[in-house]
Amino acid sequence: MVNKENARSVGQQVKWIGSQDELPPVKNLEHKNVYFYQKCIYGPLTLSVGDFILVSNADAAEPDTVSGCDVARILHMYELRELTDREPCRAIVQWYSWPKAIPHNKYDDDEVAIDFSLEVIEEHRPYDNDVALGAIYRKCIVLEGTSKTSAEEILKRHANKLKSTACPMFVSRYRFVKVKRSYRLIPLEIHLEQPEDNARPTRSSRKSLTAHRESKRSISARHDDTAGNKGSSVEKRRRASMAASSSVEFIDVNSFICENKVSPIKIVGGRSVVRLSEKKNAPEINANYLPASPLTEKNAKVETPKSRASAARRNLNLSLDRGADTTADSDCLNYSIVQQTPDPKTPSNDMKIKLRLSERRRSVRLASMDVDPLSLEEAVQEPNAQGRKRLGVANGDIYHTPTKKSKEPLESAAATEQTPSTRRKSILKSATSRLAEGTPRRSIHLSNIVEQRVFEDDEIISTPKRGRSKKTVQDNDEDYSPKKSVQKTPTRTRRSSTTTKTATTPSKGITTATATPMTPSQKMKKIRAGELSPSMQQRTDLPAKDSSKSELQLAREQLHVSVVPKSLPCREREFENIYAFLEGKIQDQCGGCMYVSGVPGTGKTATVTGVIRTLQRMAKQNELPAFEYLEINGMRLTEPRQAYVQIYKQLTGKTVSWEQAHALLEKRFTTPAPRRVTTVLLVDELDILCNRRQDVVYNLLDWPTKSAAKLVVVTIANTMDLPERLLMGKVTSRLGLTRLTFQPYSHKQLQEIVTARLGGSETFKGEAVQLVARKVAAVSGDARRALDICRRATEIADTAAVKCVTMLHVQQALAEMIASAKVQAIRNCSRMEQIFLQAIAAEVTRTGVEETTFMGVYQQVETIAAFMGVTFPPPGRALRLCSKLGAERLIISEHSRNDLFQKILLNVSADDIHYALRVEEMVN
């Protein structure tokens, strides 16, 4: 924070030029003693209202460079005549953001083309626009242009005028403004009413946006003389906000009736969006309104007939070519909506769909229909002779195509007359089977308005349906009637798993065999193309299980502690408390600390990270201000001061020494920055960071108390009384009183957690899960330990070739988990190795010294072997046993070159040896 001495020094460096201005309506300054000016001199800079400047970003790695600054335009300059800690000479600015600071999903629109090296974007997010003049690095130049002109062209256009300047130059063509409930990139030539207001536009404003699109032109076009003469008598109207994706817009149906030109159709992201034409005269209020897609009104433009027709062909062909196959057999699909109106003075409601398919694709798609439902107009050009020859049809009857052949005998013997029974009010073609060569399929989709408007009730088209099974054909054999004979030409035959067509609907009659399962990417492509429609059952079902894995293997994978569960059972109250704390701090953009404690395995880290994921998802949906998330774990640090290095690396991506990282973090969290977002820091295993000086923990808990930091720290430790037992008083006071304790899980909660992980699998019996839950809850309540025991039980059951885990398997796993690893290693040793360990323990007990020699141990080996009736080993074999136990780290021994005088030391306790080598187990 700037102290008073620095504030006075900065104020003395600023020299105001001109007289004081009237008080403009600036928020937060209405009740303060301030004087506004138009111009000033600050050091070597001469600043005026309207100048573009570079403001140093305190959060950047190099704030004294162009890349470490933010671009802004000065709106007001004022001097604060009150004694505060802030700098008195300040400015109100309009921010401009670098393209990398805008979410990447905002660039998905095909009409947005950003040059990341030259452009800046006018920012309308609620950043603090009050900056000190001392933070200004230098002046710059921002050239505003239209979205139809590239950034390089704008720079070249002003190159001659700006040759002498050495200021950095940028181009601005878009603004990032809030429309309805989300932020969007809007070209500068589009002026919106109250861009940051969430209120819905009125119907008149929507009509103004629809009816007066022609006034949405470039900035250069506004200064054109001809455009100025034409528009001198027309009053400028402010544009309404663009329609959001969640809202419902209304358009007049009469615009479809009176429009007699081709409207371009653009396919965006697999969805077909009809670009509607507007009426040239202002629309009247009509009760006959239909809801339309927001994208429809967004893409609406007023164009000349020639440019509109060319745009239709260009947009449609580009959209189709992007998703088409690169092979020679790819579809050639083109369609548009035209009116069958020979005289433009006599409008008609009859509309037709003009469709052009490749001959090869047409012969496959329309083979099962006697008359194609999408008949061409008489003026459509007929296919060439070669295409007619390939189709086997006569001139003027290009859609009477022969039916397909099938290798099933029933299809060649009987065919049904086409009697469509079910009709739909759409021109949506059903997905057909793929060609053998792999020709991609594509369906035709139009909006509901066009579907209901294009065809009258007596012109509704039936959709071809697939053939039914053999059983249906045999049961309904008496309903068949002979079909009209049609001249057939040789077509490509395919193997079929079904039989002839039914009498009710026109069908393909040919269904391919079961294909290989589709990958998720292929499935999503088909859903976007409209060939598949996602159902609720498909979204809720679990992913397909791998047939090569058994049920026990799948259960073992789900029981692993590293698997992230879909939900956190039994921690709903703790989740809500952490969520409320973090959400409030992010909303208020202030700092704070929270201490989370609990025994290991109680879900502390999982609950906090689950809250963070929820908050990040809300921030992406613009329901919460953006924030940064950092995470450090004391177990992953070589020493406590490395926490500074990890935090700075996550903030900037650079690795520096801990001294430099500490200095830079101290500067960052104590220096105010107007565009700084809230930072959430998760410190796991806080007790490991507690060194003797406790400086690391003190700094991590002291930074959130700074008003300029906007830092929220969530600390996690296993000890409930860590602040009072280990931390000093000044550290404990900064930790605050916001504490949350995770209690150990009860047996019912552990049983619920294990059952949720199994996900309805029948690999565990209920009493087996209950036994694990009760055993673990009685000892520690550690959910990780319960999952490990269940996982080990599945391994034991899998080894025994059993498909279900019983209580015997759980008891065996419990016995292994309760015993230590050293005890397990001793039990798995050979008989002579166990005798050697027993001899070492006996020699240590006899001498009272933990360190002994091989000679004394060998004497004990001879005695124990004679007592147990075992042939005692020779000294050479005993030396080999000593070396093997030393390699297993059960004992610590010198090099074997010392022979009988090498020193031996037990690496396990004598109690572990006696526990592992009980007399009854040795006898057995």
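One is the number of the first residue shown, and numbering goes on along the chain from there.
Every residue gets a Cβ built from N, Cα and C, even glycine.
Predicted, not measured: the structure shown is a model, and the values here were computed from it.
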Glu685, Glu752, Glu816: which one does Swiss-Prot list with Val564, Gly598, Val599, Pro600, Gly601, Thr602, Gly603, Lys604, Thr605, Ala606, Asn718, Arg784 for the ATP site?
Glu685
Phosphoserine per Swiss-Prot (candidates: Ser263, Ser533):
Ser533
Swiss-Prot tags one of Ser67, Ser330, Ser430, Ser562 as phosphoserine; which one?
Ser430
Ser182, Ser368, Ser375, Ser830 - residue that Swiss-Prot labels as phosphoserine:
Ser368
Run through Ser147, Ser310, Ser358, Ser426 and tell me the one Swiss-Prot describes as phosphoserine.
Ser426
Which one of these binding-site residues has the most other Cβ atoms within 10 Å of its own Cβ: Asp684, Glu685?
Asp684
Mean pLDDT across the domain 'BAH' (45-187), rounded to an integer, is what?
88
Return the count of C-beta atoms lying within 10 angstroms of the C-beta of Val564 (ATP binding site), excluding that atom itself.
9
How many whole Å apart are the CA atoms of Asp684 (Mg(2+) binding site) and Val599 (ATP binding site)?
13
Where does Gly603 (ATP binding site) sit in DSSP terms: helix, strand, or coil?
coil
Can you tell me the three-state DSSP label for Asp684 (Mg(2+) binding site)?
strand
Other C-beta atoms that fall within 10 angstroms of the C-beta of Gly601 (ATP binding site):
23
Can you tell me whether DSSP puts Val564 (ATP binding site) in helix, strand or coil?
coil
C-beta crowding around Arg784 (ATP binding site), within 10 angstroms:
14
Tell me the residue counts in helix, strand and coil for the domain 'BAH' (45-187), as DSSP assigns them.
17 helix, 62 strand, 64 coil
Cβ neighbours of Thr605 (ATP binding site) where a neighbour is any other Cβ within 10 Å:
15
